[in-house]
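*Asks:* Below: one structure in structure tokens.
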Amino acid sequence: MKSEEKIKLVSIVGPTASGKTELAVRLAERFDGEIVNADSMQVYRGMDIGTAKPSVSLRSRVTHHLIDIVTPDVNFSASDFRRAADGAIADIHSRGKRVFIVGGTGLYIRALLQGLVDSPSGDEQIRGELNELAKEIGNEGLLQLLAEVDPITAERLHHNDRVRIIRALEVYRQTGRPMSQFRQEHGFAEEMYDCLMLGINVERQELYSRVEKRVDEMVESGLAAEVEELFRLGYARDLKAMRSIGYKEICSFLSGEISLDQAVQLIKRDTRRYAKRQMTWFNKEYGIKWVEYPAAFANICNHVIEFFERGEDHAKSTFQHPGSVP
């Protein structure tokens, strides 16, 4: 497909609490657009506070897509996201609106823009066996097993990232080939859309201060009550969605394993670490234009105008790359 035939997107990325949603709403209002969510947790219904979903007032200003589309017991994957996002983008474009993608889930952004690794579909039996094995040898034991057959993928993963460790082992057991080989063959080279990627750069201590404030606000807004309601609806704490940051710690609090203060401190710590991992991911991605927000909003608007009118090359020239979050 020729570049001029591709739908133009503006994708806003960056770490949690960096101000992505606010910037996306302001740009969508300015350019008559709609927003497609690319946050892996905001797709879940009933998980509002802990996922920092856009407020009702923000969503009333601009139409948002792919929020509250599945229940917490659904394992919503990057491929599921890509299919849903492709549909939302086509719908928005067909009505003559601009498309803005916003979210901090790097894999979702990559899947949308460059496609996914052509690896085999999941095998529930193998996955179940690996989950049982994890109970015996722990996450570190699983990672060691992966290192023996796929050291490249093992090097990329943290031992607590059980889902991806099991997925890589699952692929190897199915095919006899390491996941890293599938990734190398794919190359993440296919460009699906014409996209201007804007990354919000926030100074480290300021970002961490925002993280702590956001967590305090979540707790004050009723995060524990939200988790209690999820329990009441029958969603168990071992679900993938319930093991995410904020929910797993409150589950431990409600089960009497830790105090509320301990839960809050753990959420803050884990969110800071998550923000650091997000920045590491996005710093390695090609073509992100890093901006200061809200200070440079007028400049951002000018570059978005140039991108929509003339293409990406002219728009990319004056953006600078940030340093990593230490």
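The backbone N, Cα and C atoms fix where each Cβ goes, and this holds for glycine too.
These figures come from a predicted structure and were not determined experimentally.
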*Asks:* Labelled region 'Interaction with substrate tRNA' by Swiss-Prot, one stretch among 39-42, 123-126, 139-142. Can you tell me which?
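*Replies:* Region 'Interaction with substrate tRNA', as annotated by Swiss-Prot, spans 39-42.
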*Asks:* Please identify, from the binding-site residues Ser18, Gly19, the residue with the sparsest Cβ neighbourhood, meaning fewest other Cβ atoms within 10 angstroms.
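*Replies:* Taking Ser18, Gly19 as the binding-site residues, the minimal 10 Å Cβ count falls on Gly19.
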*Asks:* According to DSSP, does Thr16 (ATP binding site) sit in a helix, a strand, or coil?
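*Replies:* Once the DSSP labels are grouped into three classes, Thr16 (ATP binding site) ends up as coil.
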*Asks:* Once Thr16, Ala17, Ser18, Gly19, Lys20, Thr21 are set aside, which residues in the chain still have Cβ within 8 Å of the Cβ centroid of the substrate site?
*Replies:* Gly14, Pro15, Glu22, Gly104, Ile200, Arg210
*Asks:* Using a 10 Å radius around each Cβ and all protein chains in view, which of these recorded positions has the most neighbours: Lys20, Arg127?
*Replies:* Lys20
*Asks:* What's the CA-CA gap between Thr16 (ATP binding site) and Thr105 (site 'Interaction with substrate tRNA') in angstrom, rounded?
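*Replies:* Checking the Cα atoms of Thr16 (ATP binding site) and Thr105 (site 'Interaction with substrate tRNA') gives a distance of 10 Å.
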